[in-house]
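According to TrEMBL, the protein carries these features:
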- 6-25: transmembrane segment (TRANSMEM)
- 32-50: transmembrane segment (TRANSMEM)
- 78-99: transmembrane segment (TRANSMEM)
- 106-125: transmembrane segment (TRANSMEM)
- 145-162: transmembrane segment (TRANSMEM)
- 183-203: transmembrane segment (TRANSMEM)
- 277-340: domain 'J' (DOMAIN)
Amino acid sequence: MGKRLLVAFGLWAIGGPLGLHHIYLGRDSHALFLMLTLGGFGMGWMWDFWKIPGLVSQVNKEIKKAKKMKDGTPPASAIRFMAQFATGIYFGLAAAIGLSSLTSYYVIALPLAIGLGVHLVASVGEQTSNLKNTLVAAFLTSPLFYGRAVSMIPISLAASITSQQHRHYQRQQGKDENLNLRLYRIGLAYLAFTGPLAHSALINTSRTVNYVAGCIGSLLEWISIFPCLSAKVEKILLLPYRIWGLFAGEGFHDHYFKEWEKIYEFVASFQNEKVEMACKILGVRSDATIEDIIHHYRDLVKVWHPDHNRHRPVEAEKHFIEIQAAYETLLHLQKVRNPG
């Protein structure tokens with residue numbers, strides 16, 4: 001029986017972040033990806049709106065005529081690679097929150113979670129990769145960064161590169177497979193991912209909140225050299241809290257949710273800390289005018305420009321980057337305060 005475009009759009013609107021439209025079209029891997037990443041980090045769900053007509057047409061063609069297995073190697077995709085890399089880190093963070101208490105966390109749980117996340121994205125659509133090689137790359141990279149907070153990044157990078165090297169087209173699977181069996185498999189995978197997270201969030205709430213806040217802080221600190229990007233990320237992170245405030249008033253009233261409110265308080269205070277640090281670096285007051293900011297910036301650039309400090313290049317470069325970031329932060333703040 002052919003698939004209907006109207007039904008696909010309806011399921012996208014009702015349960016798009018849960019991947020209902022992909023389940024309807026028989027794309028279980030893509031559905032699971034959306035379920036586990038909150039709609040493909042929000043962007044995947046919105047992007048699907050434009051792809052649904054083509055997906056419905058493709059599925060209906062496959063129903064009318066069995067699709068021959070494609071030969072060769074699928075074309076490389078930078079978007080798929082970045083999605084693999086980001087999802088691998090995302091699965092690693094989930095494992096860190098829910099499974100870090102295990103003694104075998106760094107050697108088994110972490111690389112396994114990252115490898116499975118990378119392979120999940122690799123299996124979206126009509127192509128896939130070699131799961132064994134992807135996991136081997138993750139497990140071999142993990143001991144090199146044992147115990148380090150940044151270990152998720154190189155593990156996910158190695159697994160994503162390996163997965164891309166072994167990509168190939170999927171073998172045709174029957175579209176008549178029992179829906180209950182498909183939902184059962186998707187449900188098991190979803191529970192395996194969310195179960196440890198839910199246990200950690202409910203039983204070790206304070207520890208989980210502190211860990212999440214620490215990860216967010218590391219992310220914001222890392223991108224703080226790009227003030228505009230940092231400000232946008234902060235707004236996105238605060239968006240759920242703002243929406244909650246519109247419907248339920250400011251703040252969480254339940255004692256349990258008060259713990260989670262600390263994350264939003266932490267994010268909200270991060271901008272103030274950056275402004276204070278920027279003022280300290282440039283030597284200006286928080287209410288300084290644009291002219292004062294530019295004046296102090298130019299004076300400091302003359303002092304710390306790397307071309308003027310060849311006898312201490314490392315120190316000069318460090319100060320020069322800090323001055324640039326501070327200047328952009330305060331300039332961006334002035335533009336927000338005085339948009340005219």
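Here, residue 1 is simply the first one shown, and the rest follow in order.
Note: Cβ is positioned from N, Cα and C throughout, glycine not excepted.
Keep in mind the model is a prediction, meaning the values are calculated, not measured.
Sequence-distant contacts of the transmembrane segment (106-125) (same chain, at least 6 residues past either end, Cβ-Cβ under 8 Å): 27, 29-30, 32-33, 36, 80, 83-85, 87-92, 94-96, 99-100, 131, 134-135, 137-139, 141-143, 146-147, 151-152, 155-156, 159-160, 163-164, 167, 170. At the 8 Å Cβ threshold, with sequence separation of at least 6, the transmembrane segment (32-50) comes into contact with the transmembrane segment (183-203) through 3 or more pairs. Regional average pLDDT for the domain 'J' (277-340) in the model is 82. When each of 6-25, 78-99, 145-162 is checked for Cβ pairs under 8 Å to the transmembrane segment (183-203), 78-99 comes out on top. Nonlocal intrachain contacts for the transmembrane segment (6-25), taken as residues 6+ away from its ends with a CB within less than 8 angstroms of a stretch CB, comprise 31-35, 38-39, 45, 48-49, 52, 55-56, 59, 182-183, 186. Only residues 6 or more beyond the boundaries of the transmembrane segment (78-99), in the same chain, are considered here, and those with a CB under 8 A from a CB of the stretch are 33, 36-37, 40-41, 105, 109-110, 112-118, 120-122, 124, 138, 151-153, 155-157, 159-160, 163-164, 193, 195-197, 199-201, 208, 211-212, 215.
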